[in-house]
Amino acid sequence: MAMSLCPLLLVFVLGLGLTPPSLAQDDSRYRQFLTKHYDANPRGRNDRYCESMMVRRHLTTPCKDTNTFIHGSKSSIKAICGNKNGNPYGETLRISKTRFQVTTCKHAGGSPRPPCRYRATPGFRSIVIACENGLPVHFDESFFRP
């Protein structure tokens, strides 16, 4: 029994070594993007929502000045990276062809240390992102057209 597992284990270990490091890093950046900017089904979109989400997503040490949460499906956000739901925007960014429900949380001022106070701005707009290997990895907060 142990002898029959050795070839399988060898193939598995060799396969791990052949996984491109860039692929693993890209997936990590995508997961980080989701943590910072994705919330499929928000419960309320007010100041309290922003304050709890920013703490829950570890964006308050120090208090992040601005962060936007996208409310939609992961597949529709990923589609911005291709031609299905996205167009080129500037040199390296993509703009969505469709509008997304979003909540933008802005730091209300005061100390950059917790507890952080945020003001919520709910909206419905196009979003601009950066993509790597077909995955969103950065949300452009400077694009704020309704």
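Every residue, even glycine, has its Cβ placed from backbone N, Cα and C.
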Cross-link partner of CYS63 (disulfide, per Swiss-Prot) out of CYS6, CYS105, CYS116: CYS116
Candidate in CYS6, CYS131 joined to CYS81 through a disulfide, as Swiss-Prot lists it: CYS131
Disulfide-bonded cysteine for CYS105 as listed in Swiss-Prot, from CYS6, CYS50: CYS50
Listed recorded positions HIS37, ARG45, CYS105, HIS138, filtered to Cα within 10 Å of CYS131 (disulfide bond): HIS138
Those recorded positions listed as CYS63, CYS105, and which of them has the most Cβ atoms within 10 Å of its own Cβ: CYS105
Sequence-remote partners of the motif 'Nucleolar localization signal' (55-59) [C-beta within less than 8 Å, at least six residues beyond its ends]: 35-36, 67, 114, 116
Candidates CYS50, CYS81, CYS131: member of the disulfide-bonded residues with the richest Cβ shell (10 Å): CYS50
